[in-house]
Every structure is written in structure tokens, then in C-alpha cells.
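Each remark here refers to the structure printed beneath this line.
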Amino acid sequence: MTSINPVTRQIADIHISSSQPTNPRPLGHTKQPSQTNVTKLLTKYAAPNPHAAKPPSRVPSPTKPLASRSKPVDPQPAPSSSKPVLEIGKYDGGLELENEERGTVVEGAAARALALDSSMIQVNPTPKWTLHSFEIGRPLGKGRFGRVYMVRTKPPHTPYILALKTLYKSEIVQEGVEKQLRREIEIQQNLRHPNILRLYGYFHDSKRVFLMLEFAGKGELYKQLSKHGSFSERRSSRYIDQMADALSYLHSKHIIHRDIKPENLLIGINGELKIGDFGWSVHAPGNRRKTLCGTLDYLPPEMVENKAHGAHVDLWALGVLMYEFLIGNPPFEDRRGAKNTYLRIARVELHFPAHVSAEPRDLITKLLQYEPEKRLSLTKVLVHPWIIRYRPKDA
Ligand code: AMP
């Protein structure tokens, strides 16, 4: 990063990859979110001020440039008499409790190499975003590297609701996933799509990295699927439509997701699907990769057979996801173990229960093709009769 204005310094200084001069794979679209931009993005996309009389639109308009917004960045405090829209819930003190017991300060070469060391902040010793910038609310869940809380930004920031995700640096280093985290941050912070969870910014202290994420009001899709067993055709079709649109956006940016599965999907406040995890994403323009990754049930034949793979892996996963939504389990699952699942994937042993109608069968079959190039393109998925049938007229 060559020039930064004072308000962007904190974000710039803590940007995990910014002080990595030897970063072997700088991304073409890694424009850093400046502090001003973070505020703008919060204003545009984050859940609204719970006390505001008129909340801003929650549905982002991807075509409208940020600069064209007319909303002030720091509006007047909302009248206290107005009815709360969204409460953040009661804080359980978990962040402090956990921080006492968990993780260690990451120092020295590892921290410097990762630029995760807070001593790296030399330009501006008072970072704009710290844990004190937020009123902490209820716990939203526990992840592999730390907890996630519902939070509200405190004055002088305009109050917005977010999900704050904590990650323990020492555990990231221990698991050797620093690069994966950096990649997740680099990718996610540059994406703007209504069905992709926004990453507004991040900051860190000596032990933790904090990700400021869009709050997915209706939680995990996986929980919904477990609760209902399967989804109706209408609901499945709406989700697949949104997934196809989001994947199409990602592929247009040369990003392959590679880990599409219900566990990585969240549901927004208006019931819309949100891709929420970029841990396995790869930014690979014209680049075919051979790393085996992802969950076995969602892996395409070319990956289980350890062949080179490209963006078509996401089309396969979309077919598996659609099957799981409608039927309640992934198509090649084999309870006898991974080896059998592997064989079923490689042979494309696809069977449908009798209740699955012709249109969804057709779409799934066209996505679950052994040959990657034969899989139905996202453009064609978006105009498939089963997708069009359930798409609202105004969508
Ligand atoms: P993760 O570390 O991403 O696995 O998150 C742990 C849990 O926190 C998830 O299973 C969700 O229940 C919850 N969670 C994570 N991110 C969000 C979010 N942006 N909005 C709402 N809940 C979230």
C-alpha cells in the first residue's frame, strides 16, 4: 500500500497482507476498505440502527455506486422514543472469559510474517476500530477459532448491527491456516453481492483477530435443513437461484468457491441465502489447481480422482446442494464410509426418490455430469424452467 490517508491507516496497518511485500499472489481486486469506506459500507449494507425511526434499506443494490448514496455518514442520534427494530441481546461476558483462558500472544517472526502483531500499528497508535468500538450483545455461535457475537457500533460511529467474529491468532498459527485466513479476508472484503456475506473490516489485539461481518439474522441454513429434514421445491428453487447468481458473480471475478455445502451458508434477515465462508476459496484466473479440499460429499469426480479442476467444481456442488435441499441427504452419501462415497461420486451413481418431480430431476442431472465441461452453465441454471417457475415476478 503506497498512500493512505489518516482515517484509513488503522485498517491499512492491520491489513493482514498489506505488510507482506513478498506476498506471492497479490490479488487483482484487493482494494483495501478504507475507514471511510467501512463506514459507507456499514451504512449501506449493515443491519440498521435499532433505534432509528426509518432504517436504511437492507437489500443492497449492486448496480448503485457507493458514491451515489445520499445518506449522511453520521446522522443525528435517533429519538429514544422510536421503537427498536433489532435488539442485540444480552452479553454473557464470554469474550473476556475466553480471552483469559484461550490462546497466546503471537510474537516474533510468525507475527511479523503474518502482520498479525498489534505492535505493527506504529502510524496510528489509537486504532479507530477496537473492541471498545462495539456494544457486545448475544453470542451467535462458536467457530473453530473463537466465538461470534452480535454487536452494535458505539458512538462516534453510526450505530449498526454486525456479527463480530473472533479468531485466536496462536490457534491460526498452530493449525497453519494463516494463508487461508488471509485469503478469506482478501477475497471476502472485496465482494459485494446480496447473497454473499459482507466483510466490512477487521482489527486485532495481541491475541485475536476480529472480523466485522454482516449479521445474518436468520442464522445457519444447515440448522434449518436439519430441523425440516428437507425443503419444499419453492424454497429450494429460491435458494438455488440465489446461489447460482452469487456463484456467477464469483466466477466473473475468477473466484472458485470450492466448498459449497449447507454448513457454509447463512440466512439473512429477509430469508435470503448468504454464502458465508471463504476458507477454501481460491482466486485462480485461468489457473487449474490440484489441492484436495472440501467435504467429501460435495466433491466432484475430478477432485476425488485428484485431477486438475476449475470453476466447474462449483456447478457440481450446486447440484449436490440442490439434491440435499430437496431430498434431505447428499446424493452420493454412503454410510459405509468415505471410500464408498468416493466410488459413488466417481461413477456418478445418482438415484432419485419417486417424489422428486421431472423439472428438478432434470436440473440436478444436468449439473451432476462427470465431465466438468458438460455441466449446465450458471447462465443456463438461471433460466431453467424450475428456477423461473418460483422466481418472484419482481426479482
Ligand atoms: P463460524 O466461526 O463462522 O463457524 O461461526 C460460528 C457460528 O456463529 C455459526 O455457526 C453461526 O451460527 C454463527 N455466525 C457466524 N457468522 C455469523 C453471522 N455473520 N451472522 C450470524 N451468525 C453468525
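Just so you know, glycine gets a Cβ as well, placed from its N, Cα and C.
Automatic prediction, not curation, is the source of TrEMBL annotations.
The annotation active site, proton acceptor is assigned in TrEMBL to D259. The ATP binding site annotation in TrEMBL covers R144, K165, E214, F215, A216, E263, N264, D277. The compositional bias 'Polar residues' annotation in TrEMBL covers 31-40. Positions annotated as SUMO2 cross-link by TrEMBL: K261. Here TrEMBL flags 134-387 as domain 'Protein kinase'. Annotation source TrEMBL lists region 'Disordered' at 1-87.
Structure coloured by features recorded in TrEMBL.
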| residue | record | DSSP class |
| --- | --- | --- |
| R144 | ATP binding site | coil |
| K165 | ATP binding site | strand |
| E214 | ATP binding site | coil |
| D259 | active site, proton acceptor | coil |
| N264 | ATP binding site | helix |
| D277 | ATP binding site | coil |
Given the binding-site residues R144, K165, E214, A216, D277, which one's Cα is the least distant from that of the residue listed as 'SUMO2 cross-link'?
D277
Can you give the mean pLDDT for the domain 'Protein kinase' (134-387), rounded to a whole number?
90
With every protein chain in view, how many other Cβ atoms are within 10 Å of the Cβ of K165 (ATP binding site)?
21
Have a look at the binding-site residues R144, F215, A216 and say which one has the shortest Cα distance to D259 (active site, proton acceptor).
R144
Using a 10 Å radius around each Cβ and counting other Cβ atoms from all shown chains, which of the recorded positions R144, K261 yields the largest count?
K261
Candidate with the highest Cβ count within 10 Å, taken from the recorded positions E214, D259, E263, D277:
E214
Could you list, ordered by sequence, which of these recorded positions: F215, A216, D259, E263, N264, have a Cβ under 6 Å from ligand 1?
F215, A216
Other than its own, how many Cβ atoms are within 10 Å of the Cβ belonging to A216 (ATP binding site)?
21
Sequence-distant neighbours of N264 (ATP binding site) in its chain (C-beta under 8 A, six or more apart):
I275, G276, D277
